Structures are given as C-alpha cells and as structure tokens.
C-alpha cells in the first residue's frame with residue numbers, strides 16, 4: 001500500500017538528540033556512508049527488481065556493473081581489502097552468479113538457466129558477508145581472472161622494451177594460470193525497422209604474432225567521453241597463430257541497435273596477451289571503428305599504440321608496416 005508519513009511532535013526533539021548522542025560514532029558514520037556490502041545489496045535488489053519487471057536491459061546492466069565491482073574486490077590485495085580471503089571467495093562466487101543470470105537473460109536456450117529466485121537468495125549473503133559462514137548455496141567458482149590492468153596502468157610496470165621480451169621461449173602455456181574466459185553475448189532480439197550488427201573478428205596482423213601468449217580481444221562501445229554504451233565483451237583465446245597473424249574467426253554481437261548508438265560513438269577492439277614474466281594480462285594495441293564505417297562486408301582498420309585512448313585524442317599508429325585488424329560486418333534488419 002501507500003507509505004504514510006509519520007510526523008514527530010516537536011517536544012520529542014530533545015529526546016531524539018539524547019538518543020543520538022548516546023550512539024557510538026561508528027554507527028552514525030555508517031548511517032551516512034553505507035558500507036560496500038550495503039551498497040552491493042542495494043544494487044543487487046535494483047537489478048532483481050528490473051529483472052522481475054521484465055526490464056531486462058536495465059537488469060543486465062545492473063548485474064554486470066555489480067559483477068565487475070565484486071570481481072575487483074575479490075581480487076584486491078590483502079592489505080587493500082577489508083574482507084578476509086574466505087569472504088573474498090564468496091564475493092567472487094556471487095559475481096559468477098550475476099554473470100550467469102546476465103547470460104540466462106540474453107540466451108534463447110532455457111536449459112541450465114540461473115533463475116531469478118536463485119539470485120534473490122544471494123542478497124542476504126551479500127549484505128551479511130562479514131558474518132556469513134554457511135556453505136555457498138550454488139556450485140560455482142569465482143571467475144579465474146588474471147590480473148587485468150586498467151588502460152595505462154601497465155605503463156608503470158613495464159621497464160624493458162617490448163622487442164626484448166622472451167615471447168615463445170618463455171615457457172609452455174600449460175604452466176600459466178587458467179585461460180581468460182570468453183564473455184561473448186548472444187544477439188539481441190530484433191525490432192521492426194531497427195538494425196543489428198554482427199562483427200566477425202577474422203585476424204590481426206602483428207610482427208611478433210606467433211609469440212603472443214593466450215591472446216584475446218576485448219570489444220567495447222564507447223561514447224566520445226569514453227563511457228560504455230553496451231556491456232564489454234571478451235573473445236575466447238585466439239584460435240591459431242602464425243608468423244604475422246593471430247586468427248580469431250569469432251562473431252561479436254553488438255548489444256545495441258545501430259540506430260540507438262549516440263553520435264560520435266565508436267567500437268573499440270583491444271588486443272590483450274599474457275606476460276608470464278610479470279604474471280599479468282596486458283593490452284598490446286587497439287583499434288576502433290566509427291559509426292560512418294558501419295557497412296556490410298569486409299573492413300580493415302589501423303592499429304594504435306597503447307594505452308587505449310577511448311576519447312580518440314592522442315592516437316599513435318602501432319607500426320608503419322601494412323599490418324591491420326581484419327573484420328567482416330553483417331547487418332540484420334527486420
């Protein structure tokens with residue numbers, strides 16, 4: 001029903017101030033600054049509300065943003081986190097469940113789905129993460145992400161020149177941590193008069209292509225300010241490598257109708273690979289496609305030096321050699 005507004009008589013004001021004065025400072029601070037687990041709980045509830053109302057785009061956005069926050073916390077260094085290792089493991093598992101629910105909402109197959117009522121069981125766990133000590137209700141694992149750095153962050157870590165890296169001789173890929181999982185999303189439902197875009201990433205030309213370990217591509221759609229307009233997608237690890245090409249042959253489904261993309265938007269392709277010496281995944285180069293380049297058929301686009309410049313202000317070509325990113329676009333219109 002409707003909420004009733006309760007008004008307190010003025011004579012109660014002295015009583016209230018006495019009560020507040022008696023409360024510990026930490027409690028009052030927690031009233032004004034909600035703890036991370038309270039914020040996460042609220043975010044999960046917002047997503048579940050959108051989900052139950054059938055507002056799937058909003059639900060997916062909320063779930064994916066929350067999953068990223070949780071994954072970041074689950075991977076935080078011990079001294080940068082207020083949570084124990086066990087709690088971080090649970091936080092990572094909740095992030096996996098959010099990813100599963102997002103995938104279920106975007107999937108046309110209904111078997112093995114992660115259901116909304118399952119997701120709702122996570123809210124009390126998340127809100128009470130500091131005291132939760134039961135077994136996690138679902139048989140999932142935290143996503144085994146390697147250390148993935150923000151654009152530009154790896155610049156501070158790289159002292160030796162790219163040319164001198166020990167590439168192929170640096171050990172067998174079998175000895176590295178679990179591979180980066182692909183996070184490709186299925187095609188959106190069609191709408192009358194609206195266009196959907198499938199981009200096939202065929203291959204990328206690099207002078208040391210054969211030496212890249214576990215290479216994959218991160219695809220995002222950004223506005224002129226570098227803000228995400230759709231969920232970010234990672235391809236699976238490349239299908240094969242040869243001297244100067246890494247082959248992907250994988251389809252990316254753009255998660256917005258072409259007509260709904262804002263003016264000045266661009267689709268970014270970041271090529272990433274694993275560096276065993278430093279044990280993290282690094283961006284090697286990037287490419288992008290602007291809205292006026294959307295057209296059916298093949299397209300070849302230039303590669304730029306990192307860090308990825310989502311605002312497209314300071315672009316530096318990666319090489320003068322004729323090495324590019326090879327794509328093929330398919331437009332679907334009702």
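Glycine residues also receive a Cβ, built from the backbone N, Cα and C atoms like all the rest.
Quick look at what TrEMBL lists:
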type	residues	note
COILED	60-87	coiled coil
COMPBIAS	156-166	compositional bias 'Acidic residues'
DOMAIN	185-332	domain 'C2 Aida-type'
REGION	156-180	region 'Disordered'
SIGNAL	1-21	signal peptide
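In the predicted model, the coiled coil (60-87) shows an average pLDDT of 83. Each residue in the domain 'C2 Aida-type' (185-332) gets a DSSP state, and the totals come to 9 helix, 72 strand, 67 coil.
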